Amino acid sequence: MTIFDNYEVWFVIGSQHLYGAETLRQVTQHAEHVVNALNTEAKLPCKLVLKPLGTSPDEITAICRDANYDDRCAGLVVWLHTFSPAKMWINGLSILNKPLLQFHTQFNAALPWDSIDMDFMNLNQTAHGGREFGFIGARMRQQHAVVTGHWQDKEAHTRIGAWMRQAVSKQDTRQLKVCRFGDNMREVAVTDGDKVAAQIKFGFSVNTWAVGDLVQVVNSIGDGDISALIDEYESSYTLTPATQIHGDKRQNVREAARIELGMKRFLEQGGFHAFTTTFEDLHGLKQLPGLAVQRLMQQGYGFAGEGDWKTAALLRIMKVMSTGLQGGTSFMEDYTYHFEKGNDLVLGSHMLEVCPSIAVEEKPILDVQHLGIGGKEDPARLIFNTQTGPAIVASLIDLGDRYRLLVNCIDTVKTPHSLPKLPVANALWKAQPDLPTASEAWILAGGAHHTVFSHALDLNDMRQFAEIHDIEIAVIDNDTRLPAFKDALRWNEVYYGLKR
């Protein structure tokens, strides 16, 4: 069972009574056939539910009102099978607060050249019915997605499925609670921000709990539960000699297990699905949570270090979006560079907290090593390299008057040499279009040093995320040129200033 099983998407057919009962009967029949086929053949992440035809303003308004108040409804897919006068949709669309996708399709793929008549033409009017619907969306300044293609086309299935992921993630985000253990790292700017504005824009709440509250729960964990979790570690990871049963760091592993169990219990009891820690606020904890954070991220929790609640929330959102897809998604930080003509590289990592969902190794190494930052006992952590291939890094930043999503398309590569002294998980990548352009554009756009790294999602997913939440997006990819990128930032400043 996944999060998508908790939601459904309503399939709504637009028409009108002008065409008579027989035409509406055929429209309903076609709709039932299409919905059944999509549910069984399209591999969509959640179920489509066919609703009654929308043939009048009252019917359409009732559907939109019901969608708003049904917690299982993640959004609406609308198909204008015949012509459906768009003034009928104004009241419904004006109150609709769920995501909307217009499926610009028709029942038949090919025209019946020898038999086509006006009855056929009146029944299959998506070509201009869809344009009428599009006009009212533009006139009302309402953002909605559009997918064009025959309902049996696999590309259309893929695009509808990707939109469904966005719709479900938006509903999950409205209920998301972010727990901050302690505050932000002192004097850091980009990890701070307006939590009230974030809740108004996205729906997620951000609140702080004292580390002492967490410590109470951690200290309540029994030895039996710790031993059971250690057994799971033994079967899932390659333990270094120091962390094995008679190793000199075995107690550190047990303490890491205690912290993991306590953290998970605290998060579950509070209904939190994202959290932050900071190495400057660890009072009562024996080590900086490393292994615990890595494993919780792999279970779907959002996380970021140093109190960075925006990145923690974004990671949770992207975890939901990517559920069931190939590839992982993790908290990440651009840590250091490799400058080599024609082969500039970025080494990404963090002090400890990189999610094993992006690991190339089937069994990462579990080790305990010294960490000077935080001033605590040596923490346990998983060490691994990252899968290769196309990926993205994304940053959500607070500009005061709006949010900007910054995305850099990257290509992860195999580490050319072993890293025997690096005691943390890492990812190595080439930034698109090149490191100088990518880093300069990132800096000019105000991108954070913390990001969400993902092999599972791509630029199109993040564009849809920005559109569905109505926020700015700035893209750095192989098409990026700095003069044009700077111009786009200036134009966006004007556009969003006027939009306020």
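Positions of Cβ are set from backbone N, Cα and C atoms, glycine also.
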Report task. Report the candidate from His450, His455, His469 that shares the Mn(2+) site with Glu306, Glu333, His350, as recorded in Swiss-Prot. Result -> His450
Query raised in the report: Hey, does DSSP put His450 (Mn(2+) binding site) in a helix, a strand, or just coil?
Result: strand
**Report entry** Collapsed DSSP category at Glu333 (Mn(2+) binding site)
**Finding:** strand
